[in-house]
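Visitor: Take this structure, written in C-alpha cells, and hold onto it; I'll ask about it next.
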Amino acid sequence: CSGLPYSLNQAGLPLGLLLLVLVAFITDYSIILLIKGGNLSGTNSYQSLVRSTFGLTGYLILSLLQFLYPFIAMISYNIITGDTLAKVFLRIPGVGPGNMLAERHFVIAVSTILFTLPLSLFRNVSKLGKVSLLSMVLTLFILVIVLIRAATLGPKIPPTESAWVFARWNAIQAVGVMSFAFICHHNSFMIYASMKEPSLSNWSRVTHFSVGSALIISALFAAAGYATFTGYTQGDIFENYCRNDDLATFGRFCFCVSIITTFPLECLVTREVVSNVFFNGTLNNYSHVAVTLLLVGTCTALSLAYDCLGIVLVLNGVISATPLIFIIPSACYLKLSTERWFAGENRIPCLLLIAGVFVMITGFVMAVMFPQDCSHGAEMFYCSLNVSFAPAIHVFN
C-alpha cells in the first residue's frame, strides 16, 4: 500500500490511476477465472489446477513464483520496518541520529528476534486470526493521515516539473508495483471453499465487492500521497514525511504494527511451498524450525544488505505478481477450454496472457537497465523550510 503513490510517480498521475483501475479489473477477472478453471478441471487449489493442466513442470514453476512473491514481500516488510520504526524512535526524547534505536540495521535485527521470528514459528496461524481486522483498521487510520497531510502539507511543497503530466515512460514498472499490491490469488480456493453456498455467481459478487473496495482505498491513498509530494515520492511514502511530524509518526507506527503482524502470514506461505516441494507436505518439529530459521534469516540478511524499497516492489511485481495474476490463470483456462483461442470467452484470457508476458519481460528489463533513484533515509529538503504541522495535529487534540 505504501508503494502505490510511487507507482503514480512512475506512470504519471492520470495514466497511473487508469492503470490502477485496469489492474484491479484484471485481478477481479483472473480470480474468477481461477475458480472457473478449478470447476473445469475438478481441482480445489491453485497448485492442483496448474498440475492438472501443465503437469509437474507447471507445478514447479508455480511453486517457484508462489515462493518468490511472499519471500520478496518479507524482504520489503523488513526494509519498511527498519526505515519507519527508526524514524518513530527518533521522536523519543534523548534519541538522536547517532543512537542505536535510529539505526535501521539494529531495528530490523531486534524486530526480527523479538517479533517476526517468534510469530513465524507458529505452525497454525489461527492465533493471528484477528490480524486481518487489525490491518484493515490500521489501513483506514493511515489513509486518513495521508489525506490530512495532502491537504495541510501538500500546498507547502513546490511540485516538481511536469508533476501533472499525463504519462511517463516507465509506466510498465508501475504496473508491477500495482500488481504487487492487488495479488491475492493464492487464497482464492480456500475462501471459495469456506463459503456457505460456493457457486460461481456468489464468488463473483464477493470478488467484485472485495476488489472494488480495495481499489477505492488504493486510489485514494495513491492519489493523495502523490499529490502531496509529486516527483519527490519515494518507494515508501513514509520516507517522504518529516521526522518532526507527529501525525506522520503515528501513521508510521500504525504501518509498522500492520507490517510486523503480516510478516508471519507471508512466511507461512513460503514455508508451505518448501514443505510441499521438498518434504512431501509434512515438516516434523526440527524441520519446521530449521526451515523457518533459514527463511527468516535469509530474508533478514537481504533486507540488511539492501535498503531501496522501490526496486524491490517493482521486481516482485514483474517477476512474481504479474505471472500469478495475468499469465497463469489465463493459460490454465485456455488449456482447459474447448473453444479456439481468440474465440468466444477465450478472447479476454488471450489478451491477458499476451499483456502479462509483455509486462513481465519489459518491466524486468527496464527495472534492471533503468533503476530509479532512491534517497533512502534522507530528510527531504522541504523539512528544513520551517513547515508547521501544528494545525493538523490540533484536530486530534
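Each Cβ is built from the backbone N, Cα and C atoms, and glycine gets one as well.
Because TrEMBL annotations are produced automatically, they should be read as predictions rather than curated entries.
Sharing the features that TrEMBL gives for it:
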- 3-367: domain 'Amino acid transporter transmembrane' (DOMAIN)
- 12-35: transmembrane segment (TRANSMEM)
- 56-80: transmembrane segment (TRANSMEM)
- 100-119: transmembrane segment (TRANSMEM)
- 131-151: transmembrane segment (TRANSMEM)
- 171-194: transmembrane segment (TRANSMEM)
- 206-227: transmembrane segment (TRANSMEM)
- 247-265: transmembrane segment (TRANSMEM)
- 286-306: transmembrane segment (TRANSMEM)
- 312-336: transmembrane segment (TRANSMEM)
- 348-370: transmembrane segment (TRANSMEM)
Visitor: For the transmembrane segment (171-194), give me same-chain residues lying six or more residues beyond its boundaries with a C-beta closer than 8 angstroms to one of its C-beta atoms, as numbers and ranges.
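Guide: Distal contacts: 1, 3-4, 6-8, 10-12, 15-16, 19-20, 23-24, 27, 30-31, 34-35, 38, 44-46, 49, 66, 69, 73, 203, 206, 211, 214, 218, 269, 313-318, 321-322, 324-326, 329, 359, 362-363, 366-367, 372.
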Visitor: Can you tell me which recorded stretch out of 56-80, 100-119, 206-227, 247-265, 286-306 has the most Cβ pairs within less than 8 Å of the transmembrane segment (131-151)?
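Guide: It is 247-265, which has the most Cβ pairs under 8 Å.
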Visitor: Which stretch from 56-80, 100-119, 206-227, 247-265 shares the most C-beta pairs under 8 Å with the transmembrane segment (12-35)?
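Guide: Most Cβ pairs under 8 Å with the transmembrane segment (12-35) come from 206-227.
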Visitor: Test of understanding: applying the rule of at least three C-beta pairs under 8 Å (pairs 6 or more apart in sequence), is the transmembrane segment (247-265) touching the transmembrane segment (100-119)?
Guide: yes
Visitor: Hey, would you say the transmembrane segment (56-80) packs against the transmembrane segment (348-370), going by three or more CB pairs under 8 A that are 6+ residues apart?
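Guide: Checked: the transmembrane segment (56-80) vs the transmembrane segment (348-370), no contact.
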Visitor: Under 8 Å between C-beta atoms and at least six residues away from its ends: which parts of the chain pack against the transmembrane segment (247-265)?
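Guide: Sequence-distant neighbours of the transmembrane segment (247-265): 2, 74, 77-78, 80-81, 84-85, 87-88, 91, 111, 115-116, 119-120, 122, 125, 128, 131, 134-135, 138-139, 141-142, 145-146, 148-149, 238, 241, 389, 392-393, 396.
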